[in-house]
Amino acid sequence: MSEDRQGRSGDSNKILYCSFCGKSQHEVRKLIAGPSVFICDECVELCNDIIREELEEKAQSARSSLPKPREILEVLDQYVIGQLRAKRTLAVAVYNHYKRIESRSKNDEVELAKSNILLVGPTGSGKTLLAETLARLLNVPFTIADATTLTEAGYVGEDVENIIQKLLQKCDYDVEKAQQGIVYIDEIDKISRKSENPSITRDVSGEGVQQALLKLIEGTVASVPPQGGRKHPQQEFLQVDTKNILFICGGAFAGLDKVIQARSNDAGGIGFGAKVKSSERKQEVGKILAEVEPEDLIKFGLIPEFVGRLPVVATLEELDEPALIKILTEPKNAITKQFKKLFEMESVELEFRPDALSAIAKKALKRKTGARGLRTIVESVLLDTMYELPSQENVSKVVVDESVIEHKSEPYLIYQAQPAPAKAASGD
């Protein structure tokens, strides 16, 4: 019956009907034939409306789920101690970046430029942790690349497009997800060119890498081999558009403060009108770095085009002893909290005395490792205890004080009081 009603496309005498709304070919403007089915122009339009509404709802949902700068800062505060200026800069930059992605789908007349980020700060000041926390908060794919391993295409080393392959691996080769991810490129200062003047010889791990990264950071379609594959001519590649990927580059930039000071001194002039620089300013490296200008980065060894692709610059200060003590105890995933949890699994309480925390912070400062060195110090002083503890009985508490850190003495072990053995009843 239904076959008679729909008709066959090859039978010109039969009246054809839409398989969805049931209208005949005479009641609609156009009837499109498929394999044993028909759809009219009205149903096609209705389907388009349904899809459009769903896309708008999805975009609305994405807008509502995008945290505001203040909310981003609040989350960063839970994991990263200090560095308020850098955190505020990052919060605004990341919020604007994902708003820009939304605006591209609306076909606005004004096209918003991409704003990648450069983090400048000493080792262990929190650059990588900031980038990781942002990616976790926004629930986007995230990968870390080491700039020192990168070389120009055709040379021994990692091709810059390997960065995108790593990002794809993080999201199971979902290209759409990867295209809205975050890439953190560490040690970016190590690829500065060796001199201010362009070199005649090839600098495959310096200026050459900067040139190779330019297009990737600005926005290009990168060809990446599929899962488990290696590049060869006969292979089909995955095409990944990098224009919406947020690139965060970080580096210690040792010596940049001297470049900034030299510029400031030149600007001061000489003679009666010269500005007198205080001796205190020489000590405040963090404050000097906060005055960084694009020309300073170019003088340091980044090429002008590369500096232009990183318009947002956030500087981080060197962490002092009070900040390191806070890092040990306050963040959600603080090092002391992690070790306390490990000992708790053995039904043992772990206590760090205030003098121990201060000694750990001083040791990290002496080693110039910043927050990154804190875990190494705690690991080393607790290693023997963590080795012996599972085999020991009746230990209720482990105490770490200054002597454990400074003199490498053993932590104090406090044992549970053993119940006195019951007296045997005397037989009369």
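Cβ coordinates come from backbone N, Cα and C, glycine included.
As given in Swiss-Prot:
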| type | residues | note |
| --- | --- | --- |
| BINDING | C18, C21, C40, C43 | Zn(2+) binding site |
| BINDING | P122, T123, G124, S125, G126, K127, T128, L129 | ATP binding site |
| DOMAIN | 6-59 | domain 'ClpX-type ZB' |
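For the recorded site, L129 (ATP binding site), the DSSP three-state label reads helix. For the binding-site residues S125, T128, counting C-beta atoms within 10 A of each C-beta gives the highest total at S125.
Taking the centre of the Cβ atoms of C18, C21, C40, C43 as the Zn(2+) site, the nearby residues of that chain (Cβ within 8 Å, site residues left out) are S19, F20, G22, K23, V28, L31, F38, I39, D41, E42, V44.
Nearest by CA distance to T128 (ATP binding site), out of the binding-site residues C18, C40, C43, is C43. In sequence order, G121, G250, L316, G370, A371, R372 are the residues of the same chain, not among P122, T123, G124, S125, G126, K127, T128, L129, whose CB sits within 8 A of the CB centroid for the ATP site. Local packing around the binding-site residues P122, G124, G126 was summarised as the count of other Cβ atoms within 10 Å of each Cβ; on this measure the leading residue is G126. Considering only the binding-site residues P122, T123, S125, C43 (Zn(2+) binding site) has S125 as its nearest partner by CA-CA distance.
Taking a C-beta cut-off of under 8 angstroms and a sequence separation of 6 or more, T123 (ATP binding site) has the following same-chain neighbours: A252, K368, T369, G370, R372. Of all the binding-site residues listed here (C40, C43), the one with the fewest other CB atoms within 10 A of its own CB is C43. A gap of 60 Å separates the Cα atoms of K127 (ATP binding site) and C18 (Zn(2+) binding site). Counting only the Cα atoms, the space from C40 (Zn(2+) binding site) to G124 (ATP binding site) is about 64 angstrom.
A mean pLDDT of 81 is what the model gives for the domain 'ClpX-type ZB' (6-59). The number of other Cβ atoms within 10 Å of the Cβ belonging to L129 (ATP binding site), over all protein chains shown, comes to 20.
Spatially close to C18 (Zn(2+) binding site) yet at least six residues away along the chain are S24, V28, L31, F38, I39, C40, E42, C43, judged by Cβ distances under 8 angstroms.
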